[in-house]
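Please read the structure below before turning to the comments.
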């Protein structure tokens with residue numbers, strides 16, 4: 001036990017000469033502990049220069065002590081451990097000094113940053129005040145300019161010349177001695193003379209009105225006399241009817257047409273009756289006529305489907321009995337197809353005349369074996385149109401009536417029973433025959449009173465007059481709207497192909513006065529080419545790029561920047577707006593996938609299209625969208641920040657007034673144009 005206790009050494013306590021003995025606490029130490037100590041307050045009292053000198057001195061002392069410790073360890077000796085311990089304690093004290101200096105330095109740095117932030121906030125506040133003051137100055141300057149440019153209404157009055165005024169005006173009005181030297185009094189005198197002349201003319205006007213009333217009374221008396229002759233004329237006309245019938249007068253043509261209508265098949269007859277009634281009641285510009293051979297129609301004394309079935313049965317028997325006729329199987333199928341797709345000899349022709357003297361010629365046919373109606377369309381205008389290259393499909397018979405109602409493209413039969421008939425003769429689809437037979441649109445069937453239930457296919461369908469009457473007015477209005485819309489697009493495309501975006505006077509307020517970007521190319525593209533573009537994948541995947549739509553490519557340029565716009569034009573334009581997809585080639589390729597501002601430009605054209613419709617019926621929507629696209633490109637390029645590493649002036653100087661160049665973390669640019677102030681802002 002004694003040996004173990006002797007091995008345990010008590011730790012040595014080394015005190016400096018000036019340090020107080022451990023365990024003895026003086027009164028002054030107790031008072032200091034009661035006070036609050038703060039290094040942040042001490043920073044304000046200390047001199048940074050002296051702290052720096054203390055730092056250098058402490059580092060030098062540490063270097064010296066480390067060297068001495070190294071020297072003592074290398075020499076060894078009995079008293080070396082005590083000296084090394086002494087120097088170690090001194091080094092610890094110096095390290096504590098360095099830590100304190102480090103804390104003080106961090107506190108000074110934080111205070112410096114806080115002071116810098118406060119100063120920056122003050123500068124930002126002053127800068128905002130300066131911008132507000134500049135805006136107020138600009139507003140006041142505009143108001144001053146308006147006041148200076150103000151024109152009084154008396155300036156719009158066309159006064160007589162000075163020579164005529166002093167020659168004709170009485171002296172009490174002209175007052176030559178006063179007005180000769182005073183332009184203000186001269187103007188007042190001329191206005192007084194103008195007022196006097198207008199009073200005299202007003203008196204003459206009242207006299208003329210009284211004379212007019214007298215003449216109108218005389219006219220009424222004569223009209224009453226003439227109206228008394230009407231009953232006599234009617235009786236004379238009634239008595240002359242046998243003579244008119246004997247002489248075959250032209251009015252008998254309508255009666256003949258009604259006689260011909262008796263030989264129409266039921267769907268065409270319903271169409272003829274309802275269209276004639278609609279023309280007499282609502283649209284005097286609608287003319288209805290019947291074309292075709294009446295004799296051939298009379299020869300159809302029995303249902304053609306029965307004879308066709310009998311023929312098919314006899315052909316089947318012949319094929320079973322003999323093998324020599326097998327090589328003519330293709331010819332037989334062609335004959336069967338022709339018989340299957342045979343049209344009725346009579347057809348109904350509707351001429352729908354629009355306000356601009358353009359006429360839509362509709363010829364309705366009835367396929368007897370398929371029990372469906374088809375239509376062929378043709379548009380004629382009062383003046384011959386020069387067809388642009390991009391407008392080739394607008395008035396083509398294959399597309400002019402496509403999707404008059406949504407989804408009604410007229411490429412397949414609306415009668416479900418026809419598919420079983422097609423299987424017998426090897427017809428895959430009716431799409432291959434619509435150019436010759438016409439398009440079997442659903443609205444055509446409804447105008448003929450035909451309705452085909454999809455759940456229970458029926459071969460024989462009864463026509464319904466009420467179905468035709470309920471769809472007649474709506475369909476006629478849609479047809480007129482479609483023709484006017486296509487003709488408007490036809491004229492616009494002629495300008496677009498020459499790089500001119502036609503903007504009517506009613507729509508000038510939608511755009512700034514100066515638009516630098518210009519349209520350089522407008523061409524039509526195929527549906528396959530549109531789907532292969534890399535920046536149109538979103539539209540294709542969303543199902544908005546159908547094969548019934550029309551597709552175009554526009555190119556807008558300004559300087560080195562080129563903006564491509566792929567346009568999807570729905571057949572229902574302008575009730576359904578076009579869809580634009582953009583790709584900007586400037587400092588790289590930018591689309592809506594890698595540039596939020598390109599997405600914002602597409603939103604301005606596609607989403608905010610109602611601002612660009614213009615006056616009803618909105619045929620200027622497409623050209624207004626293209627003009628808006630040119631304006632958006634100007635804003636995009638002019639608000640782009642200038643690269644300081646590039647020498648020379650900015651390629652696109654800012655000419656548009658913008659309240660704020662960027663907004664939000666995505667730095668969206670101000671694309672909304674505010675009329676009549678003329679500045680751009682964010683939405």
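Note that the numbers count up from 1, one per residue, in the order the chain is shown.
Positions of Cβ are set from backbone N, Cα and C atoms, glycine also.
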Motif 'Nuclear localization signal' per Swiss-Prot - which of 3-6, 7-10: 7-10
Per Swiss-Prot record, range annotated region 'Disordered' [choices 215-243, 302-330]: 302-330
Within the predicted model, mean pLDDT of the region 'Interaction with CSF1R' (2-144): 79
